[in-house]
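Working notes, structure below.
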């Protein structure tokens, strides 16, 4: 695939100098964009783009500073990144620590920042009516920030923890190898993110003060003339301009020239190389990388966009189709990468290899060079293809969805550094506007074998790594799950982790690795054993030399010149040597009818209604929706089968079926994706799902392609072997997920009534056969019930047509029988019970031993206790430990939901501030709410490389004790505000002080403010169809059908009283005996090392705010808190844990009762309220008639097309 458009997340590299622009330049906008824009330059030379959207619920702003890690002083690697962290602390105008982030968080917003090579970008969003005070706090970052010594010491730990998290990422590891093997005199080649050694230990040893370095960097590098600001709000442009002029004119202009850098990242001796890297995760990739001139000056021509479209194509005749057919590759993307660089960029062809592909590294690259030769040959630069690319880009630009101010202003502010304001939007969204064949030819001319750097990333090199020595092995750690994706039922649920002061997305590594998920390639005719790849690696090693360790991440790698015969073959590559390579045919999925069904949308009920119902077979909800002015629709189908999840083996077979279907669909459906149609198939705990979205005109065609392959599904042995290989690797890599993700998965596994352990899947996947899968798929689809949702620019007749096509396939092609009501999916969650009376020696969650209660067990309210599950991280190689504490609250109910969300609204920022900012437990800290199969919970999590998991649990318990005892009553206006919840307020401005208890200038309690702001957030209008459809789809999946949930829950929220919230919080967080509380502790490698050598556990950085030393609940009680900053003892009982056996947690599960089915609860509520159930039978004949007419029309069109071709 071509590299995905990342305009909303990261703008491209900048020009060497600011783009000249006149104030008030007319900005080219998408056709459907009804917002107003204004560009201006303040007297201090700050460039500003204002965006007015009177309908906005959220406002936001971003400031992009043209300085980044490439400008770090030699003595302080990572200083730019560290400075970014420090600016969040406080300012002269707002000296209370964390004031900015707390203000924004309390008003429904979020804050973030990132540091890239040449840019530092700060951004936030907030409820729209709070823009002005939030903007004033934000402006102080650039006017008069306070850099306290206390903050320096604590934030060093945050940066070091962030670096520790990245140690496990193959993307970061490869990026540093790339730098290490570049021109060492170029600043791009340095370590950029910083850690404890580079920011604290080494400077201190050299007599340099880290605080002075931050102050100097800000003073010398931050200047208004290096900055671009974007502000988006509901105010008129004039009012926004007045705000900006008032608040940002004081940003000092130091008349700094923009940093300039040479283009010599790679000298002649650094190209034409083969770099072999040993990864952490399973799998193997090949990357061909060329340094190319930055293409921003050619944003109108977009030459590399044309090249990446064709090299990354996945349809018939493409490089990927060829490699897939030979069983060599499972995925491919191509495109410009490398982050925001003014002096260079990098064009990459990234190929995911199969085991068989490793035997043919040279031939895989040869296919790429033959396709490049095809593009250079006559006709390779095609006006037809360029126009198709341009037309699709223009269509997607003109019909683009609205995005959050958070991401939109981030992109706009960075884009102003690169493009003239009038061209900013089409340039950011990659719309080519000038066909220039000679410019495309120049881009192709740069992609030669002599200038390529080839990265071969594979564990086949481990033999060489072992021979090269053992140094660096201790630093290797498993790859991080950078934002846990919820891919069906088998993915760990992701925390809504608060980014806070240091949640920046580093641009230099992870942002470039965007491989299409589940797009599988081909298998070898004969499975490759490990020896084959090792032999190929050994052959390459004879040319590339031995292995060594990269010093920062400990990555094992080897580097040497490419073999001469490889270079000769690639230089001689000709397209005629590979007849299977050709340019793509015209795309049949490009929409031509963009009219809106506004009349039907206006006349329809406001919420989805059943359009088609066939008893035991199908229920299809429909709502025509054109409020977004988009010719787009969604069709979501949930296929429920009792065969899908009967055993771990059945779960693996269902996953294999889904992956094989995606493999079969890839070549035919890829053009649909290019034309703005998206699709996915997921396996679930009740069956599988098909999700389609995009332009509605050709959506039924894509559905037809999917259904045709479903109807004709056969297990092709070669494709099966390939897909199974990938699945085994996928399951193995799940064991390398970040510890916090693994802890949340374990909590989910323990509380879901029927959930199989992920670690059992790999061995099962390795032993199933093609014949077994074929038989299973017949059973899987022999009895199904499908529930679906059609929404968007889709008339009822179109929805019925889609439903009719599905019905025909189920009945006529698959022979599916209706599902009996007794077989309907009922996904249940286990109730976490009160623990039995525990022994006096059992460790408590406060870290202290507690006496056992007599009789039937503890009955007093408590903040300790509950159930504990603890284990080592499954990889055995991740330094980080993690602790998750889940407080289960029960099934979905509007009032309970409102109470839980209000509690999180009031406490989440305090949790982050206390545990992350003040105590510095780790980089990942979160307090959030969620649901699993409709049963709600509130969850606290911490991941740390410096504190044991048990210690994190103890500190979380202390935080909860203070929250329930003193802080929450004060927030609710039911008790005086606590004097100091952390350290005594230092005299130094900007050091740690407790946040204010009242809303600024309003006199309202924090409770009243939280209710108002949470209501605004919940009633925020969806920005696009996908957001709205996903809300409705959640209701359909859970069987609640509460399509106006936001309004219902806000009505319940506004009726709540402070006393009710406090009672709820005490019942949830301090339940008698610890009922409903489950703690999961995942122990990392660093924790094990500390246990083995406690004298060496010191972090090397003063721990003034951290409290007592780490302890392990498994080893015994913790010592009492001795830190001067320890909280007062809680007034509740401290009880011991009841331990869930690590060896057999399922024995514990079998003793637990299940909560009632949420689907059944809502059915009972509707019945009690006198509401009619969804209709059991509706529209079947009409749907089948519409489907038949559609099939006849398609057949006629195909015949007419064939006749035209014959005549031609």
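Heads up, residue numbers simply count up from 1 along the chain you see.
Cβ atoms are placed via backbone N, Cα and C, with glycine included.
Automated prediction, rather than curation, is the source of TrEMBL annotations.
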Region 'Disordered' according to TrEMBL, located in which of 1023-1057, 1058-1092, 1093-1127: 1093-1127
Feature region 'Disordered' in TrEMBL, mapped to one of the ranges 367-415, 416-464, 465-513: 465-513
Segment assigned the feature region 'Disordered' in TrEMBL (from 977-1004, 1145-1172, 1173-1200): 977-1004
Listed range which TrEMBL flags as region 'Disordered', given the options 787-810, 811-834, 835-858: 835-858
Helix, strand and coil totals (DSSP H, G, I; E, B; other) for the domain 'Peptidase M16 middle/third' (397-463): 38 helix, 5 strand, 24 coil
Helix, strand and coil totals (DSSP H, G, I; E, B; other) for the domain 'Peptidase M16 N-terminal' (47-183): 64 helix, 32 strand, 41 coil
